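**Q** Structure incoming, see below.
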Amino acid sequence: MNNCLKCRALVISLLILNVFQVSVASVVSTGDFNKDFFVIWAPDHVNTSSNGRERSLKLDQVSGSGFASTQMFLFGQIDMQIKLVPGNSAGTVLAYYLASDQPNRDEIDFEFLGNVSGQPYIVQTNIYVDGFDNREERIYLWFDPTEDFHTYSILWNLHQIVFMIDSIPIRLYRNHADKGVAYPRWQPMSIKTSLWNGDSWATRGGLDKIDWSKSPFIASFKNYTIDACVWKGNPRFCRADSSANWWNKRSFSTLTRVQKRWFKWVRKYHMVYDYCQDNQRFQNNLPKECFLPKY
């Protein structure tokens, strides 16, 4: 990206951030990974800085690794700064997602699919509702996500789910439950991350395998914000339109004009796969949401 485009992106991002002002009272994170998260997989492959502000996951031939939030949430916005696995990361998968703990689980997924050195990273997003997914979208990133940290965000409210990268919306999933489309709105979810071996499918459909001579593979995290409704056992508190639940307000029921422009830009220039365009997969019977407005 040239300097002009970088400046433009910075200006637009700042405009978007001004729109997404939040109530400090609703922020429930401490900024300390040791307090807000716990290790769920391979503690010896998870490294946390002495002040708890940064954490990394490691994948090698012995194991992958992962951590999850200590609390569960129903609606809100989650931001996490992540630096992806550098170099030849083919076959690796870094997952950063929200997930319920029910058999008919709900999930809101970011998955970062490793690449051969020099090739662009692919970001896959997916949404599970009542245990069913098949809602994958993929984009190429317009920057190198291994050189520095970037902010990956999920806004989840009564109206829509918005996936964002550095405040730029890359995917929308609207609540069309009134039209018979499944939407995650009842099950609380925790925040989870994991780094694992996905070389059976992740890179070029599994053609590019993990080169273990390049291991260990490391992904890093810092500067997260959890601005969400903590689950207390009753959904009505999280569904209420209150000053604390800013995400449920009407102003967050759709994208702003500037956000719509960026969303269209991502889809026009960076989209690799959209399940709503895969007639062969769905045998010309695309899911109902594919014919409904995104915003």
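For all residues, glycine too, the Cβ spot is worked out from N, Cα and C.
I grabbed these lines from TrEMBL:
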SIGNAL    1-25  signal peptide
DOMAIN    22-221  domain 'GH16'
ACT_SITE  GLU107  active site, nucleophile
ACT_SITE  GLU111  active site, proton donor
CARBOHYD  ASN115  N-linked glycosylation site
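Could you give the neighbours, burial and distances for every feature on this list?
**A** When pLDDT values are averaged over the domain 'GH16' (22-221), the model yields 95.
Within the same chain, residues at least six positions away from GLU107 (active site, nucleophile) with a Cβ under 8 Å of its Cβ are TYR97, LEU98, ALA99, SER100, ASN126, ILE127, TYR128, ASP133, PRO184, MET189.
The C-beta environment of GLU111 (active site, proton donor), restricted to residues of the same chain at least 6 apart in sequence and closer than 8 Å, consists of VAL93, LEU94, ALA95, TYR96, TYR97, VAL123, GLN124, THR125, ASN126.
Within 10 Å of the C-beta atom of ASN115 (N-linked glycosylation site) sit 25 other C-beta atoms, taking all shown protein chains into account.
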